[in-house]
Amino acid sequence: MSDMITADLVDLDLAAATKEEAARSLARRMVALGRVTDLEGFLADVAAREAQMPTGLDGGIGIPHCRSAHVSEPTLAFGRAPGGIDFGAPDGPADLVFLIAAPSGADDAHLTILSALARRLTDTGFTTALRGTASATTAAALVRGDVEPSAVQATGPADAANGGRGESSGGEPPTSAAPAAPGGVGAAMPAGTAGLEPAVSEPAVSATSEAVATGAETSTTVKSSHQKGGDEKSRAAESELARAEAAQAETPENEAEAPRAGTAENEAVKNEAAEGGDGPGAGEPSARPFRIVAVTSCPTGIAHTYMAAEAIERAGQEAGVEVAVETQGSAGFTRLDPGVVAAADAVIFAHDIPVRDKERFVGKPVVDVGVKAGINRAAELIAEARDKAARGEVTAAARPTPVEGAGEPGEGYGTRLRKWLMSGVSYMIPFVAAGGLLIALGFAVGGYEITGAKSVAEVFVWSDQSSWAALLFQIGGLAFSFLIPVLAGYIAYGMADRPGLVPGFVGGAIAITIKAGFLGGLVAGLLAGAVVLAIQKVRVPAVLRGIMPVVVIPLISSAVVGFLMFLVIGKPLASLQQALTDWLNGLSGANAVILGAVLGLMMCFDLGGPLNKVAYTFAVGGLASPTEGSLKVMAAVMAAGMVPPLAMALATTVRGRLFSKAERENGKAAWVLGASFITEGAIPFAAADPLRVIPSVMAGGAVTGALSMAFECTLRAPHGGIFVVPLIGNAFLYLLAIAAGTVISAALVILLKGLRRTSGASAATAAAPDEPKVVAAV
């Protein structure tokens with residue numbers, strides 16, 4: 001992190017009343033250093049990320065962050081706001097603000113900054129030092145890890161003596177303000193890490209140095225307050241260094257070169273330190289600590305994944321429990337050592353997406369919650385895990401915990417069903433986008449007659465345009481053919497984890513064979529997941545448990561799902577699918593308009609949420625077997641989905657004074673997002689004022705969907721926005737429908753926001769009737 005933050009990127013008197021103003025102030029410093037190329041575009045990306053989930057943390061901390069195409073290199077800026085700024089944390093405003101910017105493709109860089117910073121922020125000494133220093137140079141050195149927090153605290157008065165800057169006469173940060181204790185980390189740590197924690201015992205240093213030197217990805221960490229050799233700070237430093245390096249070493253070579261924390265070699269080092277080395281009582285056994293393994297993950301795999309990991313580790317330290325955490329982040333993950341898992345007394349899953357390779361943990365007491373619970377209730381989870389172990393509650397190999405059991409207590413079957421379906425849809429959409437757009441490109445290049453072309457594997461003329469068109473069409477067709485099997489397979493995966501994949505894919509393939517279509521895929525996925533869960537409830541002899549997930553479950557579940565799909569429910573599903581297709585083809589007049597309006601309302605209700613995905617998936621499912629009716633539905637759905645961001649962009653352009661500065665900036669980006677059919681571009685506006693924005697965009701979306709159906713517009717591509725206009729039937733009327741909905745939504749937003757201002761002014765006047773009125777001369 002040595003070059004990610006400098007004194008020029010630090011503002012110790014951040015004068016900002018809102019999180020938008022804070023982000024703008026810090027972003028200007030990045031622009032001044034040439035690390036951000038477009039201020040407004042970058043701030044729009046920050047706002048879009050902030051709208052997804054608040055970035056405030058307990059303890060007065062805010063960490064706005066994003067990946068952006070407007071960032072030239074990974075950068076971190078820090079601001080200290082004495083008045084506090086609301087970043088949505090449960091305990092109130094934040095006075096320490098960290099703005100993290102990473103290039104759009106730099107997953108590893110973004111992950112490294114966030115994971116390292118998240119761990120430091122849980123250290124009260126680190127945050128206290130940041131609040132106490134009067135020097136921007138020292139603050140930057142603290143964040144980089146060049147200065148120990150204890151050194152800054154100890155030399156606080158010296159800062160004032162040096163003119164309030166805390167710098168040496170040479171202007172350099174006080175990297176050597178406190179000498180390292182004998183056997184400390186000063187010489188052993190790489191540059192830029194010496195300030196992470198004070199004095200680390202030599203055995204811990206040797207293990208850490210070896211791991212860092214080889215670039216090993218060490219996302220597992222073992223900590224224990226029962227260890228006698230070296231203190232807790234040494235283990236915290238080891239965890240910090242290992243995790244900061246974790247996202248930068250993804251190759252199998254690096255994984256093989258160095259031992260991970262928790263492996264036999266590292267455990268030997270730790271055990272030697274725990275027993276006091278060669279000192280008195282060196283060979284005496286010590287009481288075995290309670291051991292917990294944990295897995296953390298979140299949808300983006302960045303911030304919350306690592307915050308939950310650190311919270312659980314620290315809660316384990318405080319409770320005297322040995323904890324090893326596997327962070328399944330966006331840059332991949334390294335599995336916990338099998339020996340560590342085998343020795344664990346209990347397991348904690350803090351996740352919002354399915355835990356990968358979950359079968360490793362069967363036979364252990366399990367606490368299964370969402371990732372936010374891992375951050376906010378870590379101590380309770382540790383206590384619950386110990387309590388379950390004491391009662392002897394375990395998950396048997398034949399009955400692992402269902403993946404989507406994750407979540408807060410009390411989650412109903414309706415919520416779980418939604419998660420299962422969304423799991424399938426989320427994996428299906430890339431196939432839809434890639435296959436559909438390739439098919440559309442083929443039509444654009446060679447016309448619709450390429451559907452009858454021979455296979456390009458047999459006949460391909462390099463100089464013939466129609467051959468290239470056929471190539472695009474056939475590649476897209478093959479990608480599109482995976483749509484229903486992938487949907488079914490990952491619905492089953494969401495229900496029953498990896499054992500559900502085989503019967504899910506088999507059921508989806510059968511749905512295509514018997515022409516049950518999209519409905520058949522949905523039912524096949526749910527059926528496959530249910531069958532696997534039922535098989536897992538059957539207790540089997542220990543000798544068979546090893547082959548259950550590899551042979552027995554795939555064999556039996558595929559046979560059962562195939563039997564049911566072919567001989568029991570397949571024909572009714574195929575008939576229902578055909579009836580739906582006939583109904584769509586027969587729609588005309590008022591019925592078609594009503595369907596278009598309903599689809600428009602669904603697309604705009606939650607702006608990319610579950611209801612939006614249901615409408616989109618319904619439309620895409622029709623493209624698997626395209627007919628005139630299904631092409632009209634696809635056109636209506638995409639047109640309605642473009643309205644919300646376009647309407648907000650228009651409203652901020654026409655009546656900018658009704659919106660905040662950040663909203664006006666988001667409005668500029670919304671033009672491009674809306675034109676590209678990215679409905680989520682309206683989320684920042686809806687989050688700030690849902691009661692006025694959401695009804696307005698729903699009204700416009702309904703009008704656009706209805707008009708698109710009335711004009712009989714068609715669309716053969718599942719995505720692309722205005723960039724696939726050549727593939728749209730009745731393109732001019734299609735654009736007119738989008739424009740009409742956009743204008744209606746924008747007008748309603750402006751009207752409602754204007755009424756709010758008028759009512760606010762009237763209320764203020766009524767509250768102070770006797771005050772003199774001041775009339776400005778014009």
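For all residues, glycine too, the Cβ spot is worked out from N, Cα and C.
Any TrEMBL annotation is an automated prediction that lacks curation.
Quick caveat, the model's predicted, so the values are computed rather than measured.
These come from TrEMBL:
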type: COMPBIAS; residues: 170-195; note: compositional bias 'Low complexity'
type: COMPBIAS; residues: 206-224; note: compositional bias 'Polar residues'
type: COMPBIAS; residues: 228-243; note: compositional bias 'Basic and acidic residues'
type: DOMAIN; residues: 3-146; note: domain 'PTS EIIA type-2'
type: DOMAIN; residues: 292-387; note: domain 'PTS EIIB type-2'
type: DOMAIN; residues: 417-759; note: domain 'PTS EIIC type-2'
type: REGION; residues: 152-287; note: region 'Disordered'
type: TRANSMEM; residues: 425-448; note: transmembrane segment
type: TRANSMEM; residues: 468-493; note: transmembrane segment
type: TRANSMEM; residues: 505-535; note: transmembrane segment
type: TRANSMEM; residues: 547-569; note: transmembrane segment
type: TRANSMEM; residues: 590-611; note: transmembrane segment
type: TRANSMEM; residues: 631-654; note: transmembrane segment
type: TRANSMEM; residues: 693-711; note: transmembrane segment
type: TRANSMEM; residues: 731-752; note: transmembrane segment
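Same-chain residues lying 6 or more positions outside the transmembrane segment (731-752) and placing a CB less than 8 Å from one of its CB atoms are 600, 635, 639-640, 642-644, 646-648, 650-651, 654-655, 658, 674, 692-693, 695-697, 699-705, 707-708, 711, 713, 722, 725. The list of residues near the transmembrane segment (505-535) in space but at least 6 beyond its ends in sequence, with Cβ under 8 angstroms from a Cβ of it, reads 402, 420-421, 424, 481, 483-496, 499, 552-553, 556-558, 560-562, 564-566, 569-571, 573-574, 576-578, 580-581, 617-618, 621-622, 624-625.
In this model, the domain 'PTS EIIB type-2' (292-387) carries an average pLDDT of 83. The DSSP breakdown of the domain 'PTS EIIB type-2' (292-387) into helical (H, G, I), extended (E, B) and coil residues amounts to 43 helix, 25 strand, 28 coil. Note: the domain 'PTS EIIA type-2' (3-146) comprises 64 helix, 33 strand, 47 coil (DSSP; helix = H, G, I, strand = E, B).
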